[in-house]
(Lines of atoms letter the chains of each structure in order from A and count residues from 1; the text may use other names and numbers.)
(Lines give C-alpha, C1' and ligand atoms only; values in the text may rest on other atoms or scores of the structure.)
Protein backbone atom coordinates (compact mmCIF):
# COMPACT_ATOMS: atom_id res chain seq x y z
CA UNK A 1 0.00 0.00 0.00
CA UNK A 2 2.98 2.36 -0.33
CA UNK A 3 3.13 2.66 -4.12
CA UNK A 4 1.79 5.58 -6.08
CA UNK A 5 -1.20 5.04 -8.38
CA UNK A 6 -0.67 5.48 -12.10
CA UNK A 7 -2.69 7.65 -14.44
CA UNK A 8 -5.29 5.79 -16.52
CA UNK A 9 -5.88 7.04 -20.07
CA UNK A 10 -8.52 5.57 -22.39
CA UNK A 11 -9.59 6.74 -25.84
CA UNK A 12 -12.53 4.67 -27.04
CA UNK A 13 -13.38 4.56 -30.75
CA UNK A 14 -16.59 3.60 -32.55
CA UNK A 15 -17.06 1.29 -35.55
CA UNK A 16 -15.84 4.01 -37.94
CA UNK A 17 -12.63 4.42 -35.89
CA UNK A 18 -13.69 7.85 -34.64
CA UNK A 19 -13.09 8.81 -31.01
CA UNK A 20 -16.34 8.56 -29.05
CA UNK A 21 -15.14 8.67 -25.42
CA UNK A 22 -11.95 10.02 -23.87
CA UNK A 23 -10.82 9.89 -20.24
CA UNK A 24 -7.61 10.38 -18.32
CA UNK A 25 -7.59 10.33 -14.54
CA UNK A 26 -5.92 9.02 -11.38
CA UNK A 27 -7.66 7.10 -8.63
CA UNK A 28 -7.04 4.89 -5.63
CA UNK A 29 -9.12 3.23 -2.95
CA UNK A 30 -8.92 3.13 0.85
CA UNK A 31 -10.64 0.00 2.15
CA UNK A 32 -11.34 -1.26 5.66
CA UNK A 33 -11.77 -5.03 5.90
CA UNK A 34 -12.24 -7.70 8.57
CA UNK A 35 -9.49 -10.24 9.27
CA UNK A 36 -9.78 -13.82 10.45
CA UNK A 37 -9.05 -12.67 14.00
CA UNK A 38 -12.14 -10.38 13.82
CA UNK A 39 -9.94 -7.27 13.82
CA UNK A 40 -10.30 -4.62 11.14
CA UNK A 41 -7.45 -3.40 8.98
CA UNK A 42 -7.11 -0.49 6.56
CA UNK A 43 -5.51 -1.09 3.20
CA UNK A 44 -4.82 0.96 0.08
CA UNK A 45 -5.62 -0.38 -3.38
CA UNK A 46 -3.66 1.46 -6.06
CA UNK A 47 -4.21 1.31 -9.80
CA UNK A 48 -1.21 -0.25 -11.60
CA UNK A 49 0.34 0.99 -14.84
CA UNK A 50 -1.45 -1.66 -16.91
CA UNK A 51 -5.26 -1.84 -17.06
CA UNK A 52 -7.82 -3.21 -19.52
CA UNK A 53 -11.07 -1.56 -20.56
CA UNK A 54 -13.23 -4.48 -21.59
CA UNK A 55 -16.94 -3.67 -21.66
CA UNK A 56 -16.53 0.06 -22.32
CA UNK A 57 -19.31 1.47 -24.52
CA UNK A 58 -19.43 4.63 -26.65
CA UNK A 59 -23.07 5.41 -25.93
CA UNK A 60 -25.72 7.06 -28.06
CA UNK A 61 -28.89 9.13 -27.79
CA UNK A 62 -30.71 6.13 -26.35
CA UNK A 63 -27.87 4.31 -24.64
CA UNK A 64 -25.61 5.34 -21.77
CA UNK A 65 -21.86 5.52 -22.30
CA UNK A 66 -19.79 3.26 -20.07
CA UNK A 67 -16.16 3.64 -19.03
CA UNK A 68 -15.00 0.31 -17.56
CA UNK A 69 -11.50 -0.71 -16.42
CA UNK A 70 -10.08 -3.88 -14.91
CA UNK A 71 -6.81 -4.09 -13.01
CA UNK A 72 -4.81 -6.15 -10.55
CA UNK A 73 -6.08 -9.44 -9.21
CA UNK A 74 -9.80 -9.29 -10.00
CA UNK A 75 -10.51 -5.59 -9.32
CA UNK A 76 -12.67 -3.43 -11.59
CA UNK A 77 -14.19 0.05 -11.74
CA UNK A 78 -16.74 1.60 -14.07
CA UNK A 79 -18.56 4.89 -14.59
CA UNK A 80 -21.66 5.37 -16.74
CA UNK A 81 -22.71 8.62 -18.42
CA UNK A 82 -26.03 9.84 -19.79
CA UNK A 83 -26.89 12.79 -22.00
CA UNK A 84 -29.70 15.09 -23.06
CA UNK A 85 -29.94 17.24 -26.16
CA UNK A 86 -27.65 19.86 -24.59
CA UNK A 87 -25.69 18.29 -21.72
CA UNK A 88 -24.03 15.13 -20.44
CA UNK A 89 -23.41 14.06 -16.85
CA UNK A 90 -22.02 11.25 -14.72
CA UNK A 91 -24.50 8.60 -13.67
CA UNK A 92 -23.40 5.59 -11.59
CA UNK A 93 -19.95 4.53 -10.34
CA UNK A 94 -19.45 0.80 -9.66
CA UNK A 95 -16.35 -0.51 -7.90
CA UNK A 96 -15.54 -4.17 -7.28
CA UNK A 97 -12.58 -5.30 -5.19
CA UNK A 98 -11.45 -8.89 -4.72
CA UNK A 99 -10.35 -9.89 -1.21
CA UNK A 100 -8.73 -13.01 -2.67
CA UNK A 101 -5.88 -10.64 -3.57
CA UNK A 102 -3.72 -11.50 -0.57
CA UNK A 103 -1.14 -8.86 -1.44
CA UNK A 104 -3.73 -6.15 -0.74
CA UNK A 105 -5.99 -8.01 1.71
CA UNK A 106 -3.79 -10.31 3.82
CA UNK A 107 -5.75 -12.56 6.19
CA UNK A 108 -9.15 -11.32 4.96
CA UNK A 109 -12.08 -13.10 6.61
CA UNK A 110 -14.48 -12.63 3.70
CA UNK A 111 -13.16 -14.00 0.43
CA UNK A 112 -14.17 -13.05 -3.09
CA UNK A 113 -15.37 -9.98 -4.99
CA UNK A 114 -17.26 -7.21 -3.14
CA UNK A 115 -19.11 -4.50 -5.06
CA UNK A 116 -20.11 -1.00 -4.01
CA UNK A 117 -22.27 1.36 -6.07
CA UNK A 118 -22.51 5.14 -5.72
CA UNK A 119 -23.92 8.03 -7.76
CA UNK A 120 -21.37 10.06 -9.72
CA UNK A 121 -20.77 13.64 -8.56
CA UNK A 122 -20.17 15.20 -12.01
CA UNK A 123 -22.85 17.83 -12.61
CA UNK A 124 -24.35 18.40 -16.11
CA UNK A 125 -21.70 19.52 -18.62
CA UNK A 126 -22.36 21.22 -21.92
CA UNK A 127 -22.39 18.65 -24.70
CA UNK A 128 -19.06 18.89 -26.53
CA UNK A 129 -17.19 20.21 -23.48
CA UNK A 130 -14.43 18.39 -21.61
CA UNK A 131 -14.79 18.07 -17.82
CA UNK A 132 -11.51 18.84 -15.98
CA UNK A 133 -10.79 18.58 -12.26
CA UNK A 134 -7.22 18.53 -10.94
CA UNK A 135 -8.28 18.77 -7.28
CA UNK A 136 -8.73 15.68 -5.14
CA UNK A 137 -12.29 14.41 -4.76
CA UNK A 138 -13.35 11.50 -2.58
CA UNK A 139 -16.54 9.46 -2.26
CA UNK A 140 -17.11 7.22 0.75
CA UNK A 141 -19.48 4.26 0.80
CA UNK A 142 -19.41 2.05 3.88
CA UNK A 143 -15.85 0.77 4.33
CA UNK A 144 -14.65 2.06 0.95
CA UNK A 145 -13.32 5.54 0.10
CA UNK A 146 -12.76 6.19 -3.61
CA UNK A 147 -10.29 9.01 -4.34
CA UNK A 148 -9.93 10.75 -7.71
CA UNK A 149 -7.67 13.53 -8.97
CA UNK A 150 -6.31 14.96 -12.26
CA UNK A 151 -9.56 14.01 -14.01
CA UNK A 152 -10.18 14.80 -17.69
CA UNK A 153 -13.22 13.14 -19.28
CA UNK A 154 -15.58 13.58 -22.23
CA UNK A 155 -18.15 11.00 -23.22
CA UNK A 156 -20.29 11.41 -26.35
CA UNK A 157 -17.42 13.03 -28.28
CA UNK A 158 -18.87 14.82 -31.32
CA UNK A 159 -17.52 14.22 -34.82
CA UNK A 160 -14.61 12.24 -33.41
CA UNK A 161 -12.90 15.39 -32.11
CA UNK A 162 -12.24 15.93 -28.41
CA UNK A 163 -13.68 19.27 -27.31
CA UNK A 164 -11.47 22.34 -26.88
CA UNK A 165 -13.67 24.05 -24.30
CA UNK A 166 -13.26 22.91 -20.68
CA UNK A 167 -15.80 22.79 -17.88
CA UNK A 168 -13.80 23.11 -14.64
CA UNK A 169 -14.94 21.60 -11.35
CA UNK A 170 -15.84 23.89 -8.47
CA UNK A 171 -12.77 22.87 -6.44
CA UNK A 172 -10.40 24.11 -9.19
CA UNK A 173 -12.02 27.52 -9.47
CA UNK A 174 -10.15 30.39 -7.78
CA UNK A 175 -11.77 31.87 -4.72
CA UNK A 176 -12.93 35.41 -5.56
CA UNK A 177 -12.04 38.23 -3.18
CA UNK A 178 -14.79 40.20 -1.44
CA UNK A 179 -16.33 42.96 -3.54
CA UNK A 180 -17.07 46.35 -1.95
CA UNK A 181 -19.70 48.50 -3.73
CA UNK A 182 -18.63 52.13 -4.29
CA UNK A 183 -19.99 54.62 -1.77
CA UNK A 184 -19.25 58.20 -0.84
CA UNK A 185 -17.09 56.84 1.95
CA UNK A 186 -14.79 54.74 -0.21
CA UNK A 187 -14.68 56.82 -3.42
CA UNK A 188 -11.73 59.25 -3.25
CA UNK A 189 -9.94 61.59 -5.57
CA UNK A 190 -6.53 60.75 -6.95
CA UNK A 191 -4.04 61.06 -4.13
CA UNK A 192 -0.68 59.58 -3.36
CA UNK A 193 -1.10 56.81 -0.83
CA UNK A 194 1.77 54.98 0.80
CA UNK A 195 1.59 51.23 0.29
CA UNK A 196 0.26 49.31 3.24
CA UNK A 197 2.91 47.34 5.11
CA UNK A 198 2.95 43.69 4.20
CA UNK A 199 1.90 41.30 6.91
CA UNK A 200 4.42 38.52 7.41
CA UNK A 201 2.98 35.02 7.05
CA UNK A 202 1.78 33.49 10.26
CA UNK A 203 4.25 30.85 11.42
CA UNK A 204 2.97 27.29 11.52
CA UNK A 205 2.57 26.07 15.08
CA UNK A 206 4.03 22.79 16.26
CA UNK A 207 1.72 19.83 15.63
CA UNK A 208 -0.54 18.40 18.30
CA UNK A 209 0.92 15.29 19.95
CA UNK A 210 -1.04 12.13 19.18
CA UNK A 211 -1.24 8.85 21.08
CA UNK A 212 -1.27 5.69 18.95
CA UNK A 213 -1.22 1.99 19.81
CA UNK A 214 -1.57 -1.44 18.23
CA UNK A 215 -2.98 -4.63 19.73
CA UNK A 216 -2.35 -8.29 19.15
CA UNK A 217 -5.58 -9.88 20.28
CA UNK A 218 -6.43 -8.14 23.55
CA UNK A 219 -2.82 -7.25 24.38
CA UNK A 220 -1.20 -3.95 23.49
CA UNK A 221 1.94 -4.68 21.47
CA UNK A 222 3.05 -1.22 20.30
CA UNK A 223 2.85 2.24 21.88
CA UNK A 224 3.64 5.55 20.24
CA UNK A 225 3.27 9.19 21.23
CA UNK A 226 4.38 11.75 18.66
CA UNK A 227 3.55 15.03 16.94
CA UNK A 228 4.18 14.91 13.17
CA UNK A 229 4.80 17.71 10.69
CA UNK A 230 5.52 17.36 6.97
CA UNK A 231 7.90 19.78 5.26
CA UNK A 232 7.27 19.62 1.53
CA UNK A 233 9.50 21.67 -0.78
CA UNK A 234 8.58 20.80 -4.36
CA UNK A 235 7.60 24.26 -5.65
CA UNK A 236 8.00 26.16 -2.39
CA UNK A 237 8.37 25.08 1.25
CA UNK A 238 5.06 24.04 2.76
CA UNK A 239 4.48 22.78 6.31
CA UNK A 240 1.61 20.38 7.01
CA UNK A 241 0.69 19.27 10.53
CA UNK A 242 -0.77 15.78 10.95
CA UNK A 243 -3.95 16.03 13.03
CA UNK A 244 -4.17 13.10 15.50
CA UNK A 245 -7.95 13.59 15.83
CA UNK A 246 -8.42 12.54 12.20
CA UNK A 247 -5.55 10.06 12.03
CA UNK A 248 -6.09 6.32 12.36
CA UNK A 249 -3.43 3.82 13.40
CA UNK A 250 -3.02 0.42 11.82
CA UNK A 251 -0.24 -2.09 11.40
CA UNK A 252 1.23 -5.34 12.63
CA UNK A 253 3.24 -6.58 15.60
CA UNK A 254 5.75 -9.39 15.68
CA UNK A 255 8.69 -10.75 17.63
CA UNK A 256 11.31 -9.29 15.29
CA UNK A 257 9.40 -6.83 13.08
CA UNK A 258 6.60 -4.33 13.63
CA UNK A 259 4.87 -1.75 11.43
CA UNK A 260 2.90 1.32 12.48
CA UNK A 261 0.82 2.93 9.71
CA UNK A 262 -0.73 6.36 10.29
CA UNK A 263 -3.44 7.50 7.89
CA UNK A 264 -4.66 11.06 8.36
CA UNK A 265 -7.85 10.58 6.34
CA UNK A 266 -6.55 12.75 3.46
CA UNK A 267 -4.79 9.89 1.70
CA UNK A 268 -1.51 10.59 3.43
CA UNK A 269 0.08 7.43 4.79
CA UNK A 270 3.20 7.37 6.95
CA UNK A 271 4.53 3.93 7.82
CA UNK A 272 7.19 3.32 10.48
CA UNK A 273 8.75 -0.14 10.15
CA UNK A 274 10.80 -1.51 13.05
CA UNK A 275 13.17 -4.47 13.16
CA UNK A 276 15.20 -6.18 15.86
CA UNK A 277 18.94 -6.20 15.17
CA UNK A 278 21.33 -7.71 17.74
CA UNK A 279 19.11 -7.04 20.77
CA UNK A 280 18.38 -3.50 19.57
CA UNK A 281 15.45 -2.20 17.57
CA UNK A 282 15.74 0.30 14.72
CA UNK A 283 13.37 1.58 12.06
CA UNK A 284 12.90 2.57 8.44
CA UNK A 285 10.26 4.89 7.03
CA UNK A 286 7.85 4.92 4.10
CA UNK A 287 5.69 7.88 3.15
CA UNK A 288 2.86 8.21 0.65
CA UNK A 289 0.37 10.89 -0.26
CA UNK A 290 -1.74 10.92 -3.38
CA UNK A 291 -1.83 14.70 -3.03
CA UNK A 292 1.94 15.15 -2.85
CA UNK A 293 4.14 12.18 -3.76
CA UNK A 294 5.58 9.05 -2.24
CA UNK A 295 9.02 8.17 -0.97
CA UNK A 296 10.92 6.06 1.49
CA UNK A 297 14.19 5.92 3.35
CA UNK A 298 15.55 2.69 4.75
CA UNK A 299 18.70 4.14 6.30
CA UNK A 300 17.43 5.80 9.47
CA UNK A 301 19.31 4.99 12.65
CA UNK A 302 18.17 7.72 15.02
CA UNK A 303 15.60 5.61 16.83
CA UNK A 304 17.78 2.89 18.33
CA UNK A 305 17.09 1.41 21.75
CA UNK A 306 17.77 -1.77 23.68
CA UNK A 307 15.09 -4.39 23.11
CA UNK A 308 12.55 -4.12 25.92
CA UNK A 309 13.14 -0.40 26.41
CA UNK A 310 11.34 2.53 24.84
CA UNK A 311 12.82 5.42 22.90
CA UNK A 312 12.13 9.06 23.80
CA UNK A 313 12.97 12.39 22.17
CA UNK A 314 11.13 15.46 23.46
CA UNK A 315 13.07 17.80 21.16
CA UNK A 316 12.27 18.22 17.50
CA UNK A 317 13.84 15.64 15.17
CA UNK A 318 14.05 15.86 11.38
CA UNK A 319 13.74 12.72 9.24
CA UNK A 320 14.99 13.24 5.68
CA UNK A 321 12.82 11.14 3.34
CA UNK A 322 14.27 12.66 0.17
CA UNK A 323 15.33 16.09 -1.14
CA UNK A 324 11.70 17.23 -1.41
CA UNK A 325 10.31 15.90 1.85
CA UNK A 326 11.22 16.03 5.51
CA UNK A 327 9.20 14.75 8.45
CA UNK A 328 9.58 16.57 11.78
CA UNK A 329 8.75 14.75 15.02
CA UNK A 330 7.93 16.37 18.37
CA UNK A 331 7.53 14.86 21.85
CA UNK A 332 8.35 11.41 20.54
CA UNK A 333 8.01 8.35 22.80
CA UNK A 334 7.78 4.95 21.14
CA UNK A 335 8.07 1.26 21.98
CA UNK A 336 7.44 -1.28 19.20
CA UNK A 337 8.36 -4.47 21.10
CA UNK A 338 7.81 -6.14 24.50
CA UNK A 339 5.16 -3.73 25.80
CA UNK A 340 4.06 -4.73 29.30
CA UNK A 341 0.85 -3.76 31.09
CA UNK A 342 0.01 -1.21 28.37
CA UNK A 343 2.83 1.07 29.61
CA UNK A 344 6.11 2.35 28.23
CA UNK A 345 9.22 0.68 29.62
CA UNK A 346 12.43 2.48 30.63
CA UNK A 347 13.10 5.24 28.11
CA UNK A 348 16.40 5.71 26.30
CA UNK A 349 16.70 9.38 25.44
CA UNK A 350 17.90 10.85 22.16
CA UNK A 351 21.20 12.80 22.12
CA UNK A 352 19.34 16.14 21.91
CA UNK A 353 17.47 15.41 25.14
CA UNK A 354 20.62 14.09 26.82
CA UNK A 355 22.46 17.29 25.93
CA UNK A 356 19.60 19.31 27.39
CA UNK A 357 19.64 17.30 30.62
CA UNK A 358 23.40 17.87 30.81
CA UNK A 359 23.14 21.61 30.22
CA UNK A 360 20.42 22.25 32.80
CA UNK A 361 22.58 21.52 35.90
CA UNK A 362 25.45 23.49 34.34
CA UNK A 363 23.17 26.49 33.84
CA UNK A 364 21.83 26.19 37.38
CA UNK A 365 25.37 25.94 38.75
CA UNK A 366 26.48 29.01 36.81
CA UNK A 367 23.49 30.98 38.09
CA UNK A 368 24.26 29.97 41.68
CA UNK A 369 27.93 30.88 41.22
CA UNK A 370 26.98 34.30 39.86
CA UNK A 371 24.64 34.84 42.82
CA UNK A 372 27.42 33.95 45.29
CA UNK A 373 29.77 36.44 43.61
CA UNK A 374 27.12 39.18 43.89
CA UNK A 375 26.61 38.44 47.60
CA UNK A 376 30.38 38.48 48.19
CA UNK A 377 30.81 41.84 46.41
CA UNK A 378 27.90 43.33 48.38
CA UNK A 379 29.54 42.11 51.58
CA UNK A 380 32.86 43.77 50.69
CA UNK A 381 31.17 47.08 49.80
CA UNK A 382 29.18 47.05 53.03
CA UNK A 383 32.30 46.32 55.11
CA UNK A 384 34.25 49.10 53.41
CA UNK A 385 31.48 51.64 54.21
CA UNK A 386 31.50 50.50 57.86
CA UNK A 387 35.24 51.13 58.17
CA UNK A 388 34.88 54.61 56.67
CA UNK A 389 32.23 55.44 59.25
CA UNK A 390 34.47 54.39 62.14
CA UNK A 391 37.37 56.60 60.93
CA UNK A 392 35.10 59.68 60.77
CA UNK A 393 34.13 59.29 64.41
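Note: Cβ is positioned from N, Cα and C throughout, glycine not excepted.
Annotation source TrEMBL lists compositional bias 'Low complexity' at 182-196.
Feature annotation from TrEMBL assigns disulfide bond to 133-169 (among others).
A sphere of 10 angstroms centred on the C-beta of residue 350 (disulfide bond) encloses 21 other C-beta atoms. Per TrEMBL, the feature disulfide bond maps to 313-350 (among others).
Positions annotated as domain 'Lysosome-associated membrane glycoprotein 2-like luminal' by TrEMBL: 207-340.
The annotation domain 'Lysosome-associated membrane glycoprotein 2-like transmembrane' is assigned in TrEMBL to 360-391.
The region 'Disordered' annotation in TrEMBL covers 176-205.
Annotation source TrEMBL lists transmembrane segment at 358-381.
Least packed by the Cβ count within 10 Å, out of the disulfide-bonded residues 133, 169, is 169. The Cβ neighbour count for residue 313 (disulfide bond), using a 10 Å radius over every protein chain in view, is 23. Distance noted between the C-alpha atoms of residue 350 (disulfide bond) and residue 169 (disulfide bond) is 48 Å. Here the C-alpha separation of residue 313 (disulfide bond) and residue 169 (disulfide bond) works out to 45 Å.
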